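Chemist: Per TrEMBL, domain 'OBG-type G' is recorded for 3-258. The ATP binding site annotation in TrEMBL covers 12, 13, 14, 15, 16, 17. If you look up TrEMBL, you'll see 280-363 marked as domain 'TGS'.
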Ligand SMILES: Nc1nc2c(ncn2[C@@H]2O[C@H](COP(=O)(O)OP(=O)(O)O)[C@@H](O)[C@H]2O)c(=O)[nH]1
Ligand SMILES: [Mg+2]
């Protein structure tokens, strides 16, 4: 399946610097990743999770395979993009394909780096981008409505539901609000997602600050934090420049460098985790002598669908899942100990997988 985050923002805000840092770090660890495919603007990034090393240590796993999310560096968004400025509408298709948006905002001053609008003002930059996406959404809604006319006349139920949702989205957009401000019921969720509205996607604001402000943030990033809170969006402060430098260091050097900068952990780790949270994702593990591996699922996923992430056959032939909670695995010092302590549960088709579960699926081939 694979979850995708699109990196968007005005030109020269640090998108590519950030993307390169993300993928360089991933490339450095590539030996561990049998499926690491990196296109020029698409990169897969390991989701940092210290639990995985602990599990592997206990089980003596030969290989550690983290779970990953995909980042896409989406260029070409400028004022007027929805009307064909810059790369025009090309970026729209790119954004439609992602599950969430990392919106990079320039919160650093640098006379050598041109700001397209001639001044540093992240709130107004955010508005420029959001406006382009809202215009694009309004246009796509109009097109969809026009296409529905015939089906509506025929009384098509799906079309009626679609029209209702399109109208709700349009009403929000016309008052200057993104489609994500519309409250959607669980029943409507699927139809809503199918509309693929750009401003319906969850947003994580990434404040790119100067090197010496990475730990503290600055006045601009504080304003962005406030805006993010009001919108119910995510928010992280990083320095793309620093992340780029860190991505070229080995682990020990990186730790020292972070200490010098007054940081506990790399901003990229925070960014990746924030993206993971924003998407409502969680992790389960499979652990054995060969490998310890993390897998990504949406919160609320049932055991058979969780198994499908490994292989479709696991879902089709699903019998049961032997389950040990992460904490029980650790306190039992492994599977045998957890079993003895009565902590290995046998769960069926209706089991909702929990974050950190160590799972073993039994299935009919
Ligand atoms: N001073 C400073 N410059 C940065 C920072 N992040 C990016 N830049 C510079 O800004 C310019 C544009 O960055 P780039 O990542 O290509 O921006 P993009 O157009 O958003 O992809 C490059 O010269 C970067 O080196 C930063 O945190 N501080
Ligand atoms: Mg770029």
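Note: Cβ is positioned from N, Cα and C throughout, glycine not excepted.
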Chemist: What mean pLDDT does the predicted model reach across the domain 'TGS' (280-363)?
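Modeler: It averages 96.
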Chemist: Identify, among the binding-site residues 12, 16, 17, the residue whose Cβ has the fewest other Cβ atoms within 10 Å in this structure.
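Modeler: Counting other Cβ atoms within 10 Å of each of the binding-site residues 12, 16, 17, the minimum falls on 12.
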Chemist: List the residues of the same chain that sit at least 6 positions away from residue 15 (ATP binding site) in sequence and have their Cβ under 8 Å from its Cβ, in sequence order, or write 'none'.
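Modeler: The answer is 7, 8, 9, 73, 74, 75, 104.
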Chemist: What binding-site residues in 12, 13, 14, 16, 17 place CB under 6 Å from ligand 2?
Modeler: 16
Chemist: With helix taken as DSSP H, G or I, strand as E or B and everything else coil, how many residues of the domain 'TGS' (280-363) land in each class?
Modeler: 23 helix, 33 strand, 28 coil
Chemist: Give the number of CB atoms, excluding that of residue 13 (ATP binding site) itself, located within 10 Å of its CB.
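Modeler: Taking every protein chain into account, the count is 28.
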